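Encoded as structure tokens, the structure appears first; notes follow it.
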């Protein structure tokens, strides 16, 4: 059974200009200990999907789904309290900007201690204090911070961005979650820190049987250990499937364009050559195209594309396109 | 911390210097002859040349300032023209009498204003929040002198629960020593200490409550806005997602951070309290610094005016310094600014 099973998740947002569908029937399955990468440009609704999963509810949003199951339990059928208990126990999330997700006026120790479940420490008052401290140190070591002495009493603003992100990972894994959602955790970080954090996430997934949902803007910053890959565009699911197959044989024009963009960053472009981007710009919330939202920008688009394409399934891969680049055996 | 401490102290010293320059220059700004104004010795008196000589009135201005500072720091603040008492001893007595009111009002304002502000923030935009905020707005806008008289009329005259004016019934015969009536009663050798204390507290109730209303409402609004602000912060949402309940989120994250931003405004509230206390003391005939200042102005008692201005400003400066240091100690992020 899948750990996380999402079928036709739709999020509608109330704006002054009417209701906007920011996530349109998205499917996502996640197995135990699996690394799943969610790729999409800004405005594709990838962070929104993550927030819908952990229940960062905003009163303006209407979340509906045929299925939002966590470990066989229906998350949408729960009330806020039950849901917070489940997500607090099983899930954790890290974010793009670690500073704004750490309390500026608490020390690192206080914040990690707060994340350690009460049931983990037993004994007398003094025993518990000592126990908590050793746990904090162990957690810091596990996320690759060796000099815990200087970090443990620091405030977030005294740390570098990389260390702050590692601390937020330590906070996230303090209660041994089964799912870690990493929302662009390495954006605007230097390459070595980026690599460290990526390896840390991969190691955690492998050693703790923790599933990781990694959200990133482009295909260059996904983990090599990624098992499943999902591409979103403007709230619609473009393509999903095993990472290797998707990257080697893209079925959707959008995947193809993203891949070529990420390849171009590695190869040298001739002087004054055009960047191989899709024409046009990402539509604004008020002006979402009907049908396939990639339509106006897609080089393969035809008349049919004003109707949303149904899902095409080929072995483990699913894509939504009228004109896939992949040969379909009939 | 040492850098922060020294920078705060430096600011304090500069401010203190400017303050003394200002009070010193008052010597020359009061209409009339500076020596006559400050000592009461007329120009045609035989003593005038002697006094002039002692005060160095014919020397240059820098010398006079240094002379003034020496007197200031050695506690030689001159004598009141109307009563002939030494100003220094009376200044701190009056100051303590005022601080008794002000500290009481501040404590009351914090005890009521801060929790209700936090509570209003949790009910943001709800009917309770709106009610509390409108009440705060009304309380903040009511003129203090009018409200004071209204409450005197009701509680003191009509119901006869509380005394109308003064610090204590003079029949108890408590001699003023520190200025603060509660301390004076405790250190006095009166036979009726408990009864005197009771009477003094009865006298305190009305002025303290009236004085506290404005800062209380201000604190309430500040705290409500700051807490509401902090409740929107990503780290609070993250703490909620981590499974903390609303109360823990409030106590551990929202309130400390809100306190950090509200503390910045507290010195302003304190100076508001000091200036309001001038009005309240006049109404309740409280022997505080404000009452004394107002009387001194009517009597053209220049040494007293000078001392009052100095001590009121100095108290505000000191309070500012203490709050700043506390903020820097408790919230290290403040030191970065």
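Note: Cβ is positioned from N, Cα and C throughout, glycine not excepted.
Of all ranges given (B:247-265, B:266-284), TrEMBL attaches the label transmembrane segment to B:266-284. Counting C-beta pairs under 8 angstroms (sequence separation of 6 or more), the transmembrane segment (B:204-223) fails to reach the transmembrane segment (B:304-326), with fewer than 3 such pairs. Touching of the transmembrane segment (B:9-30) and the transmembrane segment (B:304-326) is concluded from the presence of at least three CB pairs under 8 A, sequence neighbours closer than 6 excluded. Long-range contacts of the transmembrane segment (B:132-157) within the same chain, counting only residues at least 6 positions beyond its ends with a Cβ under 8 Å from a Cβ of the stretch, are 116, 119-120, 123, 163-164, 206-207, 209-211, 213-214, 216-218, 220-221, 224, 276, 279-280, 283-284.
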